[in-house]
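Reviewing the structure listed below.
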Amino acid sequence: MKERIVNLETLDFETSQEVSLRPSLWEDFIGQEKIKSNLQISICAAKKRQESLDHMLFFGPPGLGKTSISHIIAKEMETNIKITAAPMIEKSGDLAAILTNLQAKDILFIDEIHRLSPAIEEVLYPAMEDFRLDIIIGSGPAAQTIKIDLPPFTLIGATTRAGMLSNPLRDRFGMSFRMQFYSPSELALIIKKAAIKLNQDIKEESADEIAKRSRGTPRIALRLLKRVRDFALVKNSSLMDLNITLHALNELGVNELGFDEADLAYLSLLANAQGRPVGLNTIAASMREDEGTIEDVIEPFLLANGYLERTAKGRIATPKTHALLKIPTLKSQTLF
């Protein structure tokens with residue numbers, strides 16, 4: 001499948017740009033109000049007690065601000081943050097090297113934490129509970145365990161698949177937060193703030209149009225903003241008006257609902273099944289896509305907006321999908 005403009009993963013060329021647009025203060029972070037409120041209370045209490053924060057877990061679809069909010073937490077706690085991802089921690093020694101380099105109250109952010117191996121989790125448990133690292137040297141009867149004390153730290157885990165976390169690991173997080181999709185008004189505000197940082201003039205209705213097509217996700221909103229800005233530059237326009245915005249978004253293949261070819265192909269597959277559940281493996285084979293991408297990238301927004309139902313037997317298109325695609329259900333078809 002070709003690269004999607006609404007892909008939820010960070011593209012390689014976007015990393016530095018995303019950092020430059022990342023909010024650094026609570027007042028700059030738009031949305032997730034309930035999470036922000038709870039975190040502000042926890043941070044205030046931890047600072048008054050002069051303690052590290054409880055370990056916390058952020059889960060939800062990609063691109064909703066898990067990393068950004070973790071950076072703000074570190075700044076509010078006036079401490080350092082170490083960023084890594086579970087696939088990078090292959091051996092217990094990798095984790096030990098990270099943990100032993102942390103200072104008191106530092107934050108360790110592990111992305112894709114559901115991908116930690118059971119062996120790594122076993123090393124992590126005493127570190128989370130007792131701030132202690134148990135290192136096994138040797139093997140067999142001669143094996144010895146060396147205990148290394150660690151400074152109090154905060155582990156922030158981020159995952160798109162909370163259901164894949166082992167129960168022992170999940171239970172060790174003192175706080176757990178589900179990241180929600182953003183409203184169009186929140187996304188429009190994010191877009192306008194980003195446009196200011198990019199020194200780009202943008203019309204209100206243009207920001208609203210981009211927001212409407214951003215699938216409730218800031219990462220996609222910022223990507224679309226930058227692509228529309230490219231179209232404006234080519235058109236020799238210093239202003240992103242509605243005409244340029246509509247032309248750009250249509251050329252990018254993102255419709256009024258934020259759907260692209262992959263979304264429509266997915267929904268068509270379900271709708272044409274005429275109420276019969278379609279298994280994930282069948283969908284993946286038909287779309288030539290891996291199951292994880294379908295579950296983590298394509299389905300969450302469609303599911304949240306009522307375009308499909310998940311059952312034990314598979315996925316089923318809803319009447320909303322049939323209406324969108326103008327594919328009648330068997331019940332609505334007549335013999336004449």
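Positions of Cβ are set from backbone N, Cα and C atoms, glycine also.
Bear in mind that the values here come from a model prediction, so they are computed numbers and not experimental data.
Residues annotated as region 'Large ATPase domain (RuvB-L)' in Swiss-Prot: 1-182.
Classification of Thr67 (ATP binding site) by DSSP places it within a helix. Under the heading ATP binding site, Swiss-Prot lists Leu21, Arg22, Gly63, Lys66, Thr67, Ser68, Glu129, Asp130, Phe131, Arg172, Tyr182, Arg219.
In sequence order, Arg22, Ile83, Phe109, Asp111, Ala158 are the residues of the chain that are 6 or more apart from Thr67 (ATP binding site) and have a CB within less than 8 Å of its CB. Taken from Swiss-Prot, the feature Mg(2+) binding site applies to Thr67, supported by sequence analysis.
The region 'Small ATPAse domain (RuvB-S)' annotation in Swiss-Prot covers 183-253.
Residues in the region 'Head domain (RuvB-H)' (256-336) partition by DSSP class (helix H, G, I; strand E, B; coil) as 43 helix, 9 strand, 29 coil. Residues annotated as region 'Head domain (RuvB-H)' in Swiss-Prot, with sequence analysis given as evidence: 256-336.
Swiss-Prot lists Arg310, Arg315 with the feature DNA binding site.
With a cut-off of 8 Å between CB atoms and residues at least 6 apart in sequence, the same chain places Glu299, Leu303 near Arg310 (DNA binding site), listed in sequence order. Residues listed for ATP, Leu21, Arg22, Gly63, Lys66, Thr67, Ser68, Glu129, Asp130, Phe131, Arg172, Tyr182, Arg219, cover a largest CA to CA span of 37 Å. A coil conformation is recorded for Phe131 (ATP binding site) in the three-state DSSP classification, outside any helix or strand.
On the 0 to 100 pLDDT scale, the region 'Large ATPase domain (RuvB-L)' (1-182) averages 90 in the predicted structure. Taking the binding-site residues Glu129, Phe131, Tyr182, Arg315 in turn, the residue surrounded by the fewest other Cβ atoms inside 10 Å of its Cβ turns out to be Glu129.
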